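K.L.:
I have a structure here, written as structure tokens, and I will follow up with some questions on it.
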């Protein structure tokens with residue numbers, strides 16, 4: 001029995017409801033039907049014309065535009081005419097006052113022309129990466145490749161969106177357009193299903209479908225999870241053999257440095273194959289960037305310009321003072337927790353279970369403060385009006401990391417180097433890490449599960465689509481898929497995912513001398529979290545428009561900052577050991593503290609040496625870039 005859309009909905013929310021289970025039921029039915037059509041087509045060469053048209057129409061729909069109830073028929077038709085001027089094919093379904101859909105598609109030739117205008121970089125038959133040229137398509141047809149395979153799944157919706165969004169922006173601002181998103185490819189999504197036989201993530205397929213930004217996130221989390229195997233094994237040896245802390249410090253300096261340097265090489269390989277390695281600050285402005293239209297001094301094209309002095313005034317006069325105030329408040333709150341613990345200890349004694357309450361409450365409040373400050377950091381960065389996505393993300397991450405380091409780790413530094421109580425440090429660290437991981441699991445699993453369970457026990461109202469309404473629908477499966485996916489949440493970015501991984505990395509490395517099992521907990525958590533992230537992308541969220549990225553941006557600097565801080569903190573823990581103090585007091589009685597500086601600088605020198613020895617780009621990438629430059633110079637001659 002075929003599933004049909006519900007025609008009624010809660011007041012104020014339009015006809016679409018956020019119903020995850022109905023969406024999954026429709027997808028499963030549609031997937032089975034498409035698979036059967038493909039098998040029939042491969043066996044017999046032809047299939048029923050109606051079914052064939054139905055399958056092809058859905059496959060060729062790249063973007064859906066949904067109009068608000070405010071939009072009249074003439075507004076929808078005006079938007080359609082504007083889009084058609086760019087050679088984009090459109091289909092308007094004016095179902096009712098509350099349901100208006102505009103489906104966008106394009107011919108292969110139109111898409112290739114848009115790719116040429118967007119200067120997408122593609123692999124040529126010579127093995128180098130060059131900007132795509134519509135007039136030389138044969139140069140980009142690799143052996144066994146057809147013209148349709150030149151563009152990836154993630155690129156076609158973005159090419160259309162970048163062309164049609166600017167001229168219809170006024171209709172978005174006036175409230176006539178509610179949403180614009182690409183439809184999921186139901187059959188392609190099955191490649192991301194959980195497969196226990198698979199030993200690694202399908203990074204290339206993730207990139208082909210979701211874009212290089214999300215592809216790099218999954219590539220990083222997979223690389224990081226594999227790298228955690230080494231500190232996890234070392235942590236077990238550290239507990240069993242009671243390893244010297246100087247060896248522990250040296251190990252984590254070497255491991256963090258090699259891990260980050262090897263990731264740069266891995267990332268360079270990804271970005272070279274994906275044609276994003278030479279992205280620069282001259283890339284197109286982000287959608288939320290505002291300014292006045294002026295000729296660009298480099299290209300001469302009319303582009304948006306915003307005076308940098310206003311951005312700097314916002315940053316230094318408003319944003320950073322607010323950030324500094326939040327950092328001071330987070331530090332004060334961490335210190336206040338110790339006062340509460342002292343009062344509980346005095347009133348109830350050292351054996352009371354109430355001593356666990358302050359650290360548990362603090363760990364939960366840390367997560368709440370992080371959530372609230374993330375919203376504040378995003379708001380402040382929006383006011384600064386940065387031009388490109390990379391600039392925007394860099395300044396937002398800078399604000400965030402300054403606060404998160406104080407919010408999550410200030411109490412540990414206070415216990416370690418002011419109170420100098422290593423036993424309490426170990427207890428505090430493990431409690432905060434445990435609660436942090438539990439909250440992450442609750443966020444990763446609990447929220448989607450609650451949404452699903454809420455729908456599981458809801459009263460479904462599946463009704464046949466009214467025959468009169470059915471006459472206005474050009475393709476019923478496409479209409480149903482648009483109906484269900486429009487009710488899903490929008491996926492904004494990998495920002496929150498990177499933040500969780502970055503904080504987890506801090507818990508693993510900053511106080512590794514007293515928390516050897518932190519790496520094991522992080523390893524186990526990541527094995528499950530990466531599959532949960534993929535499930536959410538495929539089932540809980542709308543399909544996002546792909547974002548191009550050449551690296552993980554400001555998060556690379558955040559991880560390197562934590563790496564240097566871990567060197568200092570673990571060296572400090574080493575020199576708090578009584579036997580180490582006695583040793584250096586005996587050999588250097590006049591300047592015992594100088595030994596800490598010497599040892600710390602030796603490890604910094606080792607870190608710098610490893611950084612210089614490992615080149616950030618593999619040799620084959622450097623050769624490919626030089627080859628592309630040579631071919632470009634020859635073509636210009």
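Backbone N, Cα and C atoms are what each Cβ position is placed from, and that goes for glycine too.
Whatever TrEMBL says is automated annotation, not expert-curated.
Look at TrEMBL and you will find 206-624 tagged as domain 'Anoctamin transmembrane'. Per TrEMBL, the feature transmembrane segment maps to 214-237, 243-263, 310-333, 353-373, 400-419, 431-453, 552-575.
Can you tell me where each of these features sits in the structure?
P.N.:
Within its own chain, the transmembrane segment (353-373) has Cβ neighbours under 8 Å at 326, 330, 333-334, 337, 340-341, 344-345, 400, 403-404, 407-408, 411, 427-428, 431-432, 435-436, 439, 499, 503, counting only residues six or more beyond its boundaries.
When Cβ-Cβ distances below 8 Å are used as the criterion, the transmembrane segment (400-419) is approached by residues 323, 326-327, 330-331, 334-335, 337-338, 362, 366, 369-370, 373-374, 377, 425, 428-429, 432, 436, 499, 502-503, 506-507, 510-511, 558, 561-562, 565, 569, 572-573, 576 of the same chain, each at least six residues removed from its ends.
If you look at the transmembrane segment (552-575), the same-chain residues 6 or more away from its ends with a CB under 8 A from one of its CBs are 216-217, 220, 245-246, 248-249, 252-253, 256-257, 260, 263-264, 267, 390, 393-394, 396-398, 401, 405, 413, 416-417, 422, 498, 502, 505-506, 509-514, 581, 584, 595-596, 599-600, 603-604, 607.
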